[in-house]
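**Q** Residues annotated as signal peptide in Swiss-Prot: 1-33. Residues annotated as N-linked glycosylation site in Swiss-Prot, with sequence analysis given as evidence: 118, 331, 438, 446, 498. Among the features that Swiss-Prot reports, region 'Disordered' is placed at 477-507, 567-638. Here Swiss-Prot flags 489-502 as compositional bias 'Polar residues'. Residues annotated as transmembrane segment in Swiss-Prot: 521-541. Residues or ranges marked as topological domain 'Cytoplasmic' by Swiss-Prot on the basis of sequence analysis: 542-638.
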């Protein structure tokens with residue numbers, strides 16, 4: 001092996017050693033976390049013509065010890081009003097998927113019989129971003145290790161706050177939006193607990209120091225399971241009013257017997273343990289059983305309908321038969337970034353989640369509402385008139401007994417209650433409004449347990465009023481909505497407003513957030529690059545030093561133009577005093593020798609000053625042409 005080959009082999013050996021060290025150090029660094037781009041949904045099977053609503057979907061880990069992951073589906077707003085808003089929607093159960101809300105209630109699309117998607121007229125994404133979350137763990141597309149299900153409301157709340165913190169890390173440009181929580185049924189327990197946790201979180205010094213408070217602006221709960229005591233005791237009065245059960249009959253006596261058992265249980269229970277009481281659950285079941293005729297029974301979610309016994313409403317709404325197969329298609333789950341290794345198929349409601357979530361140690365959320373209202377948080381409760389399971393009479397009785405801000409129920413002053421104001425929408429009698437001291441109640445006539453399923457346009461009008469959207473300065477076709485005969489703020493349901501100024505503000509906000517995200521995501525890469533640069537620098541320094549020790553060629557590091565043999569360069573330094581080579585960096589020669597050699601080289605160059613300068617010379621025409629090629633290449637790549 002020759003000297004040059006030995007030197008090359010030595011250099012490669014050194015380089016490979018340092019490369020191995022660099023890779024080992026890189027492996028010690030944490031794996032780069034997912035970015036928002038990893039959750040982007042660029043298309044959906046069956047999507048309608050035209051641009052798809054901007055959306056992101058996928059899993060976020062909230063408990064690594066139990067493999068607990070929440071699934072979310074986020075839809076960006078279609079237009080911006082005066083400011084950006086985000087609405088988090090939760091379905092109930094417990095254990096029922098929020099994809100019900102996304103595809104049957106307030107989301108931008110609904111699934112047709114042939115599994116196509118149709119745009120919903122009156123969807124809530126017109127002026128607000130929508131975030132649907134499958135929770136607790138194990139619900140819908142969310143997953144968790146077997147046996148690690150949540151059983152109490154404080155556990156659920158803690159996991160949900162963790163999810164929100166991680167979600168805002170992925171999507172920081174939404175963190176300062178006005179934030180609302182909405183949902184129905186058992187979400188009447190979830191939402192007040194989450195709201196309480198957010199308000200408490202905002203008071204922490206660590207959160208305030210980082211300016212990471214969340215702008216919680218209001219809650220909307222439809223047909224909510226908020227006060228179990230009031231709901232249990234409202235079943236028979238509601239059944240009497242709606243003609244489901246006739247008073248003085250054997251059927252009514254059987255129902256009254258179950259109520260007596262429930263009352264005994266309620267009278268011995270303390271504040272906690274009253275969210276789920278088996279003896280009280282029997283009241284609803286007895287009423288439903290009394291409607292059993294042939295193979296049919298009443299639909300407990302919409303008393304205008306019947307269902308096969310013993311489903312009695314579990315097969316409703318009719319869109320469910322389209323949604324379940326659609327959400328199980330492989331190309332749909334792939335588009336939504338579902339982890340196929342952990343989630344085998346979408347189910348509307350999980351028996352395992354519901355069976356474990358008994359909240360036996362949790363107090364009912366009705367006890368949280370007064371303080372939330374007193375702290376200035378607006379709350380809107382709405383009910384569908386034809387729902388039995390979470391009927392409006394139970395909600396109204398709860399409000400009547402609730403005390404907050406120095407009054408009881410909707411008292412304006414002692415003995416004076418806020419009036420019920422008739423609500424008409426597009427010429428039809430839609431229901432009534434009642435409001436006092438931060439609480440609003442809306443009853444929807446002829447509506448079921450899932451009011452947005454029946455009336456998407458009316459619920460959108462209700463939403464826009466509650467969150468303060470006024471299209472007067474935005475544009476769009478106003479909806480004819482009147483409360484107590486007054487039009488109030490102008491809303492636009494299903495219109496196409498123009499909001500250029502607000503859109504520009506949102507664009508700038510997202511641009512700023514994007515830069516912050518880039519800086520954050522680049523931290524790990526920057527560390528790796530810095531380590532690699534240091535190692536590479538050390539390697540180059542050592543290689544050059546070794547080269548100077550072993551090279552038989554002249555040193556060109558001080559005056560490069562004197563090192564060209566073609567133009568009278570310095571003669572190579574010869575071995576002296578037993579040295580194999582002169583080490584310039586180590587000053588392995590005396591100054592007199594260097595002066596003599598430089599003097600001879602300069603004299604030699606002076607005698608040939610008439611020769612053309614050739615060191616590093618480039619042909620200008622070739623350089624210009626090369627630049628042109630590079631520019632053409634850039635154009636091609638773009």
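Every residue, even glycine, has its Cβ placed from backbone N, Cα and C.
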**Q** Can you give me the average pLDDT across the topological domain 'Cytoplasmic' (542-638), rounded to a whole number?
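**A** Mean pLDDT for the topological domain 'Cytoplasmic' (542-638): 40.
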**Q** Quick one: what's DSSP say for residue 118 (N-linked glycosylation site), helix, strand or coil?
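**A** For residue 118 (N-linked glycosylation site) - judged by DSSP and reduced to three states - the answer is strand.
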**Q** Given the glycosylation sites 331, 438, 446, state which is nearest to residue 118 (N-linked glycosylation site) when distance is taken between Cα atoms.
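**A** When the Cα distances are compared, 331 comes out closest.
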**Q** How would DSSP class residue 438 (N-linked glycosylation site) in three states?
**A** coil
**Q** Below 8 Å Cβ to Cβ and six or more residues apart, same chain only. Which residues does that give for residue 446 (N-linked glycosylation site)?
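**A** In sequence order, 304, 385, 386, 454 meet the Cβ cut-off.
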**Q** Of all the glycosylation sites given, 118, 331, 438, which residue's CB has the most CB neighbours within 10 A?
**A** 438
**Q** Cα-Cα separation of residue 438 (N-linked glycosylation site) and residue 331 (N-linked glycosylation site), in Å?
**A** 45
